[in-house]
């Protein structure tokens, strides 16, 4: 119901725009946007995570313990991977890779081959609680995972070997993302902080000033210059998204305020040549909002 209301409000917000994003990043002038195309369900229970796999493919994980690869063009579920014993919490993939990674409440991470068997090609056990963060290096050779057990782990994706493990008290990991072209991983936490990890030694390279609320999600711009985080909230308190500079100053750049409850996710939108840089946020208040990255104004 929340997703339906949010998508309805998003469609009504952007229906007057005359440009839409294409998979290659260009912009097509189309006039009013058509209603979102709907397809048969990819899962038999709630969908917990979705990520881009290729220009026409996405990967999703669900409470039904499965991982699905779907074509958004045809709506067909092309692959379904089974192996987790509990709900899938996060899914991700490396750019231009045929490898899919999934984290789960069963305390493990699994790797799947897009053109392989339906079973996992690699298994990464080692956390003591649900795995809530998942980020793969751009070349898909290494994987970083985070958990509610306060730990971060680094893995070799070929061998499944754990290359490092670091624990920080009260660092209940909520999300991870890898900085494009860099050895750094951004991490958000229930301790209200955003950390930059150097994956080479699996050490914290920088910690941004703590926020007032739990940080629920993060994303990194494609040029690697900025990081975005989102906050929990209720009754109009909190719920903001925050833009951080990842360059030498590492300052807080801007906040995006307008949600009335927890902002559950945040993302940098692909930039077309005729469009200003934008971000999108979604919230428990049943809305999805699109913001001008530079001004904080809503589109």
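Count begins at 1; order follows the chain as displayed.
Cβ atoms are placed via backbone N, Cα and C, with glycine included.
According to TrEMBL, the protein carries these features:
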type   : residues : note
REPEAT : 81-114   : repeat 'WD'
REPEAT : 124-165  : repeat 'WD'
REPEAT : 173-207  : repeat 'WD'
REPEAT : 256-299  : repeat 'WD'
So how many of the residues in the repeat 'WD' (173-207) end up helix, strand or coil by DSSP?
0 helix, 22 strand, 13 coil
Going by DSSP assignments with H, G and I as helix and E and B as strand, what are the residue counts for the repeat 'WD' (256-299)?
0 helix, 19 strand, 25 coil
In terms of Cβ proximity under 8 Å, which residues at least six beyond the ends of the repeat 'WD' (173-207) contact it?
90, 132-138, 142, 144-148, 150, 152-154, 163-166, 213-220, 222-224, 227, 229-230, 244, 246, 250
